[in-house]
Each structure stands twice: as structure tokens, then as C-alpha cells.
Amino acid sequence: MAPTLQQAYRRRWWMACTAVLENLFFSAVLLGWGSLLIILKNEGFYSSMCPAESSTNTTQDEQRRWPGCDQQDEMLNLGFTIGSFVLSATTLPLGILMDRFGPRPVRLVGSACFTASCTLMALASQDVEAQSPLTFLALSLNGFGGICLTFTSLTLPNMFGNLRSTLMALMIGSYASSAITFPGIKLIYDAGVAFVVIMFTWSGLACLIFLNCTLNWPIEAFPAPEEVNYTKKIKLSGLALDHKRLSQKAPSLEDGSDAFMSPQDVRGTSENLPERSVPLRESLCSPTFLWSLLTMGMTQLRIIFYMAAVNKMLEYLVTGGQEHETNEQQQKVAETVGFYTSVFGAMQLLCLLTCPLIGYIMDWRIKDCVDAPTQGTVLGDARDGVATKSIRPRYCKIQKLTNAINAFTLTNLLLVGFGITCLINNLHLQFVTFVLHTVVRGFFHSACGSLYAAVGPHTPDTPRLVDGFPSNHFGTLTGLQSLISAVFALLQQPLFMAIVGPLKGEPFWVNLGLLLFSLLGFLLPSYLFYYRARLQKEYTANGMGPLKVLSGSEVTA
């Protein structure tokens, strides 16, 4: 029943469009936690931990008002901590499973888990006093199902040639923007639709993902452009050539060709290509990777903690840390916090713009660069000695390092600005905080992935002139980085407990500590600056100055 790779290639636009929508509404939706938290508290999840309130009588037509307390907030936040940990930490085993079985079974399992998550949440809402613990399982399945959908969708851009980077940015952007889903659900919930109806409907829609994957996703993995044959379409009526090789050449997707060949057809040719074997240990111990672990872990903690505590921070800004006894005052605080939470959720759509922007920064002027000196062509050796472009070309390796420095410096500056606005007790200023948080969240994942492609493994003693880590290390490095970042993010639970406990709702000291911690993010671009200087010095020492080297593509015959 599964389609072949050739059939999947013909359906690639349908698969890409549906994958963007599926990412937007079913992937990292847990990151819209602020809105979901309000819904869960209104439904009475873990309200049994709070002392009963002596409220006025309510009629059957009125919604029951459940008591709330700090213990309830801590338990629900623990569920979010576990769910967000699963969302980030499972990328490493998922990468291994995808390498072994392909994206199809992983996506099927992910859609089934998401369906089960919504179903469990709906069932738990029918008896919250007894079934509130089901939220832990539901949130864990939500995170696991979401990352399965996201991770598998990142293989689709392999079939789009020159549009590969654009499609990749859309996939990452739709994943990051999925935090808008729960704010949208809250609007439906506030309109009077029952929570159980919303969850069962969402569960039914998730079943469509399972059906779409069953009908359109092939068993085999989508090969990378360098692993497949794309040739011009040959129209031969009535002749089946699926089992034959159409060409002995292996042009890339960027050549504008449009026919698809299975990776088995070119395995023989790809095996003949010489590659330098880089041990995984060398990649794992490289300074670039180690500094990226610190930067990503710190940023992940900062981002996830704000998502978990944004409601408490807004509540403190509204109340000034004072208790409000009357129901009218409490209702006004709840409405104000709900409004700002909805605005924060709506701003997550900015990720659709910020993800391509950081990709543009990482790709800045790369097309104007020449290859590394070892691959360059000396001007004097050109057949005519005529160059079509500037005699002072940029080295591709140096330009990639420069772009990475600019991207991470900008991201860290925005993160510091975000930390500063968090310290200022001004409610209206939080709109700026929302924007900065969303931009940073869209930047740092894309920047880190591009960093691994731009800067290869090297040691201070033997800097290497290779462009990026080996492709067979990407899954392991990315997965390990996500796992360690998820471990860092677990610290947000004790930080949250400190706010609702000893600090009595005041987030200033926690935010100040995180601001100082975020300054460590500048260590990565500082190291890259140092490495770029060493590399430039090595180029000069080898006598390969920019005046002497031109790319072969920039010399006309």
C-alpha cells in the first residue's frame, strides 16, 4: 500500500504542504503552554490539592469555579516539564530509528501517539478529581508525537532542489509557530465549546495525519540530493524504465532536472567517491560542538522557563505581588493575564518569518565565495588568464564562519535584551518581551543546525579546511545536542518552584540570574572569531592569499 519513491516524488508538493499544516497544528503545540494552563485550571485539573473555597451558590447552567493554588501550579508545571523534555530529548533515538527504518513508521507512530494524547486529555476531563494524573501521560505522548511529526518532515526538502533551503525553513518555521495552536484552542474554549469536544475533534484530525502518511509516504527514506540521480524527463510512451538507470551522470537537484531515481540505482557510483573518514569521537570532542552544547542548553533553559512561568510573571505584574480577596479582583487579574497570554501565543507566528531570516544571515554572500585554497585555481594557471569576477574573492570557509559569528552574536544580543525587559516591571513592555522571545526561539535552532554544516570538526592544534561535520554525524550531533538541551531545561522546574515558594511570586531574582547566565552565550561566537583568525593566518602562511586563489567556476575558458 505504501507508494514508491518515484510516486512520492510526484506527490512531493502535496506532501510538503500537508507537512507544513501538520507541523503548525500538531507538532510542538505544547510550547503554547500558557494558554493550555489556563484551560486546565478552569477544568479543575489538580484542584483537589487546593483548599476548598467558600464560594456563592451557582446554578447548573453556570460553569463550576474550581479552587486554585500554588501546589496546583507546581503539579501542572511538572507535567509541562516532562512533556517538553520528551519533545526535545527523544530526537537522538528518533534519529537512530529513522536511519534504521525510514521516516514512514516513525511518522505513523507519532500521529498515533498524538491521537492518544488528545483522547486521554478528553477522558481525564470527565473526572478531574480522580484522573488528573493522566495529564502526565497525555502531555508526554503529546511531546513525543509532535517531535515525531517534526523530525520526519525535515527529510522532505531533499526532493526540492533549489527550493531545499526554503522548504527547510518553512518546516522549521511551522514547527516553531505551532505554539499558536493552544492560544487558538483557548479562543474556541472561551467561545463556549466544551473542552472534551475540542480534544476529541483534535484527536480525529490527528487520525487524518495517519491516513495521509499511509497513502503518500514511502517506506524508503528520502535520499539527499547528492545520493540520487535526477535527470531530464524522457518521454517514452508505453515503456517502463523504473528498474533501469536513466543516466550514468549524477547531476544535483540544483541543475533544474525533474525526474527521480531510487538511491539504489546510484549506490555503485556513490560508493566510488573518496571520503575522508572522520571518527565520531573527533566530532563530539571538537570545540565547536562543545561550545554549541553550552550555548544551546543555556538558551533552551531560558526559553522554556519563560514559557512555563509567563502566566505567573504576568500575574505578578498585574497584582504587584498583592493578594486580591474579592472574586471581582481575581476575575480582572485572570482576564488581563489571559489577554496577554493570547497575544503571546499569537506572536508565535513570527517564527515563520524569523526562521528564514536567520537562514539568510547564515547564507549571506556564500554564492560570491570561492572554495577552500586546496580546491582553488591559481589565476596564473587559467587557460586564458581571464577572470570574470573580482580578483579579490572571498573564501567560502571564512565567509561561513563570519556568517555564523554574526548569527550567534545577533541571537545572543536579542537574548540579553529579552532578559533585560523581563526585569522591568512594566506590563506594556511585555509586548516587546514577547517579540524578543519569539525571535530568539526562531533563531537559535536554525543557527545551530547551520553551524554544524558550516564549521567542521577541528582541534586547536590541527584546524581543518573542511566545510562542515560529516553528513553521517549530523543526526547524532543534532540529537545529542537536543538531549543535553532538554536536560538543561529540566532546571526550569526548581526555578518555577522557587518563584511560587520562597520568592512569593516575584520573578526578579530568577530572571536576573538567568540574564547573567545568558552572557555565556557569547563564548561560542568568541571562539568562532578566534578560529577564523587562525584559519586566515594559516591561509596566509601557506601562501594562498586571496589575490592568488580563484574558484574554478570563476575562470572562463
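Yeah, the Cβs are placed from backbone N, Cα and C, and that goes for glycine too.
The transmembrane segment annotation in TrEMBL covers 12-39, 75-94, 106-124, 136-155, 167-185, 191-211, 289-309, 337-358, 404-428, 434-455, 476-496, 508-530.
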Distant-in-sequence neighbours of the transmembrane segment (476-496), which means Cβ under 8 A and at least six residues beyond its ends
73-74, 77-78, 81, 84-85, 87-89, 91-96, 280, 283-284, 289, 292-293, 296-301, 304-305, 308-309, 312, 448-449, 452, 469, 510, 514
Are there residues at least six beyond either end of the transmembrane segment (75-94) with Cβ under 8 Å to its Cβ atoms? List them, or say none.
28, 30-31, 33, 37, 40-41, 45-46, 49, 106, 132, 135-136, 139-140, 142-144, 146-148, 151, 300, 304, 307-309, 476, 478-480, 482-483, 485-487, 489-490, 492-493, 496
Verify whether three or more Cβ pairs under 8 angstroms connect the transmembrane segment (167-185) with the transmembrane segment (12-39), leaving out any pair fewer than 6 apart in sequence.
yes
What residues in the same chain, six or more past the boundaries of the transmembrane segment (136-155), come closer than 8 Å to it by Cβ-Cβ distance?
19-20, 22-23, 26-30, 78-80, 82-88, 90-91, 94-95, 98, 103-104, 106-107, 109-118, 120-121, 124, 168, 171-172, 175, 178, 206, 209, 217, 221-222
For the transmembrane segment (404-428): best-contacting stretch of 167-185, 191-211, 289-309, 337-358, by Cβ pairs under 8 Å
289-309
Could you check whether the transmembrane segment (337-358) and the transmembrane segment (191-211) come into contact, where contact means at least 3 Cβ pairs under 8 Å with the two residues of each pair 6 or more apart in sequence?
no
